[in-house]
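A.B. asks: First the structure, which I've put down as structure tokens, then a few questions once you've had a look.
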Amino acid sequence: MVDLDSEVPPLPPRYRFRDLLLGDQGWQSDDRVQVEFYMNENTFKERLKLFFIKNQRSSLRIRLFNFSLKLLSCLLYIVRYLIEADTNTYLFSLKVSVAVISLFETLLLSYLSYKGNIWEQILRIPFLLEIINAVPFIITIFWPVLRNLFIPVFLNCWLAKHALENMINDLHRAIQRTQSAMFNQVLILISTLLCLIFTCICGIQHLERAGNRLTLFDSLYFCIVTFSTVGFGDVTPKIWPSKLLVVIMICVALVVLPIQFEQLAYLWMERQKSGGNYSRYRAQTEKHVVLCVSSLKIDLLMDFLNEFYAHPRLQDYYVVILCPTEMDAQVRRVLQIPMWSQRVIYLQGSALKDQDLLRAKMDDAEACFILSSRCEVDRTAADHQTILRAWAVKDFAPNCPLYVQILKPENKFHIKFADHVVCEEEFKYAMLALNCICPATSTLITLLVHTSRGHFKLFSLCFRETQQSPEQWQKMYGRCSGNEVYHINLEESTFFAEYEGKSFTYASFHAHKKFGVCLIGVRKEDNKNILLNPGPRYIMSSTDICFYINITKEENSAFKKQEKHRKNHESKLSYHGASRLPVHSIIASMGTVAIDLQDTGCRGASGATLALPPEGGKEGRRPSIAPVLEVADSSSLHTCDLLSDQSEDETTPSDEEVSAGLEYAKGYPPYSPYIGSSPTFCHLLHEKVPFCCLRLDKGCQHNYYEDAKAYGFKNKLIIVAAETAGNGLYNFIVPLRAYYRPKKELNPIVLLLDNPPDMHFLDAICWFPMVYYMVGSIDNLDDLLRCGVTFAANMVVVDKESTMSAEEDYMADAKTIVNVQTLFRLFSSLSIITELTHPANMRFMQFRAKDCYSLALSKLEKKEREKGSNLAFMFRLPFAAGRVFSISMLDTLLYQSFVKDYMISITRLLLGLDTTPGSGFLCSMKITEEDLWIRTYARLYQKLCSSTGDIPIGVYRTESQKLTTSESQISISVEEWEDTKDTKEQFSCRGNHRNSTSSDQSDHPLLRRKSMQWARRLSRRAPRHSAKTAEKINQQRMNLYRRSERQELAELVKNRMKHLGLSPAGYDEMNDHQNTLSYILINPSPDTRLELNDIVYLIRPDPLTYVPNAAASRKDSFCNTVGQDTREETQL
């Protein structure tokens, strides 16, 4: 058998130096025909060119050798003049050898570089310098007499500079890395300066041998003094040749050096614009995150930096910003602040380029935040850019965690691989929907997802409590706004470790009673799903992760047990003000909070009861509240069945509902408008509504109604004013039609759209009951009246995409603000919820120019901003009341998830975007007069946990403003004005009561006529009154003027309603709430007193978790427990 290996000829050798002369002889004895594909490379010249020029590694070695020869020749020149050895044979031979080798190399490279023009090669400056420095040495070999001839060998320094530049270029080519232009330019500048100085030193020293005979050090001293423009004059050239050389060198320096400095400055400016590179050494030794944006605005940057660096453990992180646009002036000024300049690096580049991702060291980053540009006119195109950035980062750095912000919900499934995703429209519409049934949900979520500043926050909270200028509601609201969501393992927790093996509601109630923390959810060790309020059947395990709301996390808390008598004494001193809230012992020291432990000793049944207020001189006892059981038994589980609350009105529909075909089914929507929506169990119709019946203002063959009034809805409307019916609007409808909403409490939904919806959207909403749309605008009063604004409960104004971008940034909200202000003036009793692009513009909502109270809040906002607060606008009345919202407030949700990876999941559960089996939902209940016997928030907590299993997390409180707060909010009754003789009594009456609305007198013409007469009477007696009385007269006149303006607006609305054929009976022209303020108390103190009309936020257990034993309503359950409650809604 033939050995195939022996028949295979050896591979042709690589190009080596011996092959340049001998060639390849191994192929000549072969009988086969050799095909040469690169024939020109087989010639001797091409082989030499390949070795000396084309080959990167060999060319680098040649240039390094050439550079060494030039430096050696300069060194030999210095040695010759130092030892004065002009006749040294050994030194002369060495110089001649160097000259011969240099000349031979120069001639060879000139030959290889020859391209047809011989003069181009000869007249090059390096070639001429080589001839001047090498040829004389060769001539002296044959004529020894010429050995004493001066040869300017020191000019070889310029040839060394040229060889160094070529060597650096070959070096970068050989290692396959992009060279730095800045590094090359700095190297050229330094080498040019050294060559100038060295040439001047050697030339002056040689020429002055005929004069002063300067040494090399004297020449160096003279050159440094001369080039630095100092010119001491102690060393000067004496003969004219040396003077001429100095003049020539100065002229050369004045020409060459400015050019080099200009190029260096230009490169430096360009590098400052692009940001340069993030150091590889820093990336490996320090931690950093990368922020990728398409355009960087100052508001976005400050929100990110303030939220990111609010966490103590992130103080040592670096932030690398990768943005394709040039840094604007505002961002540049901010990044020059020392606090940010040392931690924030701005790189101009694209996330789609691997070179820019390499500059940002994306593969070493701890996380990458990719944010969409919400100010783009085409939001879909902005999402497409975000998707490509996410794909590029995932391809370049697969192990880097991704935090992505997307705008449109239909684009979310493209980035499901990201670790954390926040869809703007999903959160926005779900939050606006919950605002309609749970007031100020947007403010509640915003406060929960913002990070406070540790000990700085605690210090500011204590300062707010002790200062005298803010009002009581500001102290309460500011103190409770510091609550956040934290997590801890149960077996490691001081808060919850003692409740292992007990029910969730028992642990939540007693932890709040003892420590003031609110346990809202758990997560099993072997499960990734978070359960909000899993109910009394859930038994706490040692491996559970507990999620709780508190002013700070448990790790930053110190616990101290106080004596009982001391605690009782402090409890008497800690109540103050109208709300009787205790002042907490918050110690802002090293970020630690000291929590006073409550006495949790066992108390008898009598200890849990409170005495009822005496009525008619008879004393009675308040009904006792059942204790929260450690483990729920069968007798108490039926009270947790929330489906039974709806079973009575749903299983046995009334005759009117049957005749009207209003029987609803429960199930999952059969059609979703986009991929990736979480399925939610909802109230649905048995058959979908024809598209023609969804149009509110036009009749069809199925019905003849043309306005909202004709439908005769039992509940008030919820109107949504939007530009287009995007897929995100679907998330507004789903939470309002969720299965746990009682059927009798469902509000009709009217979509007021600028543009007609498409068929896909109509196909998604036609299965939901009482959902309609109408093409119109809030600019048109007729459209508002047709859609039923006069008897609507809430009006939601969504920010329009077409107005999100403007030439002046903050002017993007101008149209929305003015339209809402018009609605506010025309329909003062309407609850308007507005979305703005910029949170700073919320100060213009419900704007009143002469409102002194608003001006005071403006000053408070400025103070909060000076303190560095993340939410400087939190004390603005529209924000505190939940009437204004900006989606940029939720940007911090994505930033906070870097530290708290559970925040997005908890927020989605609260908003109803996700439904996890066994997890509860957010709802609310209102405190009425019948519920005030409970008195405190702690007793309310116990009542809810022991009866329905609900967990309260906060209170929404509405109260009247004081008389002295605002010029536009002062109402003066006739009785007060008539009693003007006793000013002291009048003042006390004024300070103790809560004012009524400014329109109380307008409802009674007699009172209005009397007040006008009394105003005229006071004007005649004005000289006898004090300044305060004159001020009250002016306020009364202002109220009269305002009422006349309201009457004009009311007449306008009524005339338009008559013109459209609508009945003006339901229009409430004078009722408004301008003299009330609302705010949120998140996780208030257990001793907080409940007030009338308080709305309590609840996390209610999942009704599907429990199997009811009997179809009994919650009304019956409450009657069995309390014996007093007979209402069908959630009450105590």
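Here the Cβ of each residue, glycine as well, is placed from N, Cα and C on the backbone.
Since this is a predicted model, take the numbers as computed values, not measurements.
Found this in TrEMBL, in case it helps:
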- 64-83: transmembrane segment (TRANSMEM)
- 89-113: transmembrane segment (TRANSMEM)
- 125-143: transmembrane segment (TRANSMEM)
- 186-207: transmembrane segment (TRANSMEM)
- 219-237: transmembrane segment (TRANSMEM)
- 244-269: transmembrane segment (TRANSMEM)
- 286-422: domain 'RCK N-terminal' (DOMAIN)
- 715-855: domain 'RCK N-terminal' (DOMAIN)
- 983-1006: region 'Disordered' (REGION)
A.B. asks: Near the transmembrane segment (186-207), which same-chain residues lie under 8 Å Cβ to Cβ, leaving out any that are not at least 6 residues past its ends?
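C.D. replies: Same-chain contacts beyond the flanks: 74, 77-78, 81, 150, 152, 154-155, 157-158, 161, 164-165, 168, 214-216, 218-220, 222-224, 226-227, 237, 239, 241-242, 245-246, 249, 252-253, 256-257, 260-261, 264.
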A.B. asks: Cβ under 8 Å, sequence separation of at least 6 from the ends of the transmembrane segment (219-237): give me the contacting residues as numbers and ranges.
C.D. replies: 196-197, 200-202, 204-205, 207-208, 211, 243, 245-246, 250, 253
A.B. asks: List, by number or range, the same-chain residues at least 6 past the transmembrane segment (125-143) whose CB is under 8 A from its CB atoms?
C.D. replies: 73, 95-96, 99-100, 102-103, 106, 110, 149, 151-153, 155-156, 158-159, 162
A.B. asks: Would you mind listing the long-range same-chain contacts of the transmembrane segment (89-113), meaning Cβ under 8 Å and 6+ residues beyond its ends?
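C.D. replies: Residues 45, 48-49, 52-53, 62, 66, 69-70, 72-73, 76, 79-80, 121, 126-127, 130-131, 133-135, 137-138, 140-141, 147, 153 contact the transmembrane segment (89-113) from elsewhere in the chain.
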A.B. asks: Restricting to the domain 'RCK N-terminal' (286-422), report the mean pLDDT as a whole number.
C.D. replies: 90
A.B. asks: When DSSP states are grouped into helix, strand and coil, how many residues of the domain 'RCK N-terminal' (286-422) land in each?
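C.D. replies: Breakdown, helix to coil: 59 helix, 28 strand, 50 coil.
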A.B. asks: Could you put numbers on the helix, strand and coil content of the domain 'RCK N-terminal' (715-855), residue by residue per DSSP?
C.D. replies: 60 helix, 29 strand, 52 coil
